[in-house]
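Novice: What follows is a structure written as structure tokens; I'll ask about it next.
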């Protein structure tokens with residue numbers, strides 16, 4: 001363990017200031033210098049995992065290759081590192097207590113009084129150590145804000161960890177917010193001063209401060225922060241809001257963050273290889289064309305609920321050198337055909353999102369119908385594929401009132417039904433989760449888009465296409481172009497004769513990377529561009545528009 005270096009990223013003042021993207025960007029920069037890096041997120045909530053949490057409270061549930069339901073920050077980590085992470089990369093208070101209490105019940109502690117210190121903190125430290133095997137650098141983000149009562153066991157654990165592995169092997173990075181007060185006309189350092197002071201009260205003295213602001217942080221402000229934060233001026237790294245997420249690594253590299261980290265850890269600093277990343281950013285900023293995609297969902301008030309989809313579309317747009325304008329559509333507002341036609345008319349593509357529960361389902365069905373009848377490119381994700389099957393069954397195959405048993409247990413035509421091995425099982429860790437192989441049918445759209453015979457994709461669902469209806473649906477013109485290797489489970493459905501109409505039972509967005517856009521998203525955006533060009537709708541992006549990303 002002593003050969004591995006550990007970096008702990010904490011946050012102060014307010015939440016959502018960019019700890020996750022800062023940690024991911026630092027990991028990407030260290031990897032670009034040749035280091036083997038892994039990232040980890042500590043979430044201080046008592047839920048065992050976010051699998052059953054409301055998306056409006058938590059945002060997206062990101063699924064890893066090994067089937068863990070995790071925090072959305074793991075999506076940032078994977079996209080920036082371009083590597084798959086596993087369940088050890090997300091640790092919650094609930095999972096830690098679950099393990100410790102299970103050991104106590106088994107008698108593993110030999111009758112000892114089980115306490116936060118040392119039992120909980122030891123379990124936290126063990127999870128850090130296990131992740132560090134075979135890696136040069138472990139970067140661990142501590143969720144929440146310094147001062148939160150929920151985070152205290154994690155902060156105590158990382159304080160102890162420095163003594164456990166040697167002080168030269170641990171670095172503390174604190175991300176703070178420097179607000180601009182309009183009335184005073186200046187940036188204020190007091191919140192950062194109090195944040196670092198609170199951290200020191202817990203026994204942790206930050207080695208580096210990353211200071212978020214909406215404008216440049218001048219030398220005078222940096223000196224003031226350094227004075228009260230007890231760090232060198234060079235260790236105060238300014239992080240101004242960036243036009244896109246993918247500008248952040250280049251911005252932090254320009255501020256010297258990665259070089260400073262290596263210096264403080266006593267590691268060599270080979271040159272950073274950032275040519276491909278710079279090319280990506282140039283393509284994102286240089287897009288001279290724009291396409292509009294109607295995105296149909298029911299949690300659209302919080303776009304973090306679909307974060308990986310947004311990023312996958314951005315990756316595909318970069319590959320085609322177009323900006324993808326997202327038109328968010330509440331599925332409850334388009335539940336009749338006329339409303340759907342009026343709302344979706346002029347869209348270059350229709351994307352129906354995943355989700356659970358009955359609310360907004362009829363609107364999603366009408367969106368699929370509009371795309372099918374108008375020839376508009378369509379991409380359905382998980383439930384979005386099931387929706388396409390239901391719509392086709394009702395309106396093409398003649399299966400009146402066809403539905404999923406998730407929404408109507410009495411439907412006469414359950415074209416979507418629960419998997420047999422899930423009947424009677426409680427929610428929480430019971431779905432088909434993680435990576436599974438998918439065999440593609442030669443000559444189909446799916447096979448052309450992927451350019452492969454077998455692919456591996458990540459799943460998160462309980463319901464499947466009912467095999468009892470596959471033959472009648474295929475006879476009506478639906479093509480099941482991807483299945484499990486044994487042919488029992490439908491993975492991809494598409495329509496013959498349509499320019500681009502495809503749905504996946506899996507979640508392709510989880511495997512899209514900035515430099516390697518997912519084939520389904522790349523194909524979809526390409527089809528949207530073709531539709532826009534044919535209709536004469538390709539436009540230039542609006543001047544000065546940002547995607548809302550920050551560092």
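Placement of Cβ uses the backbone N, Cα and C atoms for every residue, glycine included.
Pasting the feature list from Swiss-Prot:
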type	residues	note
ACT_SITE	382	active site, nucleophile
ACT_SITE	507	active site
ACT_SITE	509	active site
BINDING	15, 188, 189, 190, 191, 192, 193, 224	UTP binding site
BINDING	15, 148, 149, 150, 188, 189, 190, 191, 192, 193, 224	CTP binding site
BINDING	16, 17, 18, 19, 20, 21, 73	ATP binding site
BINDING	56, 355, 383, 384, 385, 386, 406, 462	L-glutamine binding site
BINDING	73, 141	Mg(2+) binding site
DOMAIN	292-534	domain 'Glutamine amidotransferase type-1'
REGION	1-267	region 'Amidoligase domain'
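Would you situate these features in the structure and describe their surroundings?
Specialist: Cβ contacts within 10 Å of residue 382 (active site, nucleophile), excluding its own Cβ and spanning all protein chains shown: 23.
Taking all protein chains in view, 23 other C-beta atoms sit within 10 angstroms of the C-beta of residue 507 (active site).
Taking the Cβ of residue 509 (active site) as centre and 10 Å as the limit, one finds 27 other Cβ atoms among all the protein chains shown.
When secondary structure is read from DSSP and collapsed to three states, residue 189 (UTP binding site) falls in the coil class. Around residue 189 (UTP binding site), taking its Cβ as the centre, 22 other Cβ atoms fall within 10 Å, counting all chains.
Its own atom aside, the Cβ of residue 188 (UTP binding site) has 15 Cβ atoms within 10 angstroms in the protein chains shown.
DSSP assigns residue 21 (ATP binding site) to a helix.
If you draw a 10 Å sphere around the CB of residue 462 (L-glutamine binding site), it holds 17 other CB atoms from the protein chains shown. The secondary structure of residue 462 (L-glutamine binding site), as reduced to three states from DSSP, is coil rather than helix or strand.
Residue environment of residue 141 (Mg(2+) binding site) contains 27 other Cβ atoms, counted within 10 Å of its Cβ in all protein chains.
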Novice: Ranking the binding-site residues 18, 20, 191, 355 by other Cβ atoms within 10 Å, which is at the bottom?
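Specialist: With the binding-site residues 18, 20, 191, 355, fewest surrounding Cβ atoms within 10 Å: 191.
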Novice: Rounded to the nearest Å, what's the C-alpha distance separating residue 141 (Mg(2+) binding site) and residue 192 (UTP binding site)? Just drop the number here, would you?
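Specialist: Computed Cα spacing between residue 141 (Mg(2+) binding site) and residue 192 (UTP binding site) is 18 Å.
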Novice: Which of the recorded positions 16, 18, 189, 191, 382 has its Cα closest in space to the Cα of residue 462 (L-glutamine binding site)?
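Specialist: Going through 16, 18, 189, 191, 382 one by one, the Cα closest to that of residue 462 (L-glutamine binding site) is 382.
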Novice: Calculate the per-residue pLDDT averaged over the region 'Amidoligase domain' (1-267) and state the result as an integer.
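Specialist: The predicted confidence over the region 'Amidoligase domain' (1-267), as a mean pLDDT, is 94.
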Novice: Taking the mean position of the Cβ atoms of 16, 17, 18, 19, 20, 21, 73 as the ATP site, which residues outside that list, in the same chain, have a Cβ no more than 8 Å away, listed in sequence order?
Specialist: 11, 22, 23, 76, 141, 175
Novice: Taking the binding-site residues one at a time (16, 21, 193), which has its Cβ surrounded by the most other Cβ atoms within 10 Å?
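Specialist: Highest number of other Cβ atoms within 10 Å: 21.
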Novice: Between the binding-site residues 19, 190, 224, whose Cβ has more other Cβ atoms within 10 Å than any of the rest?
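Specialist: For the binding-site residues 19, 190, 224, the Cβ with the most other Cβ atoms within 10 Å is 19.
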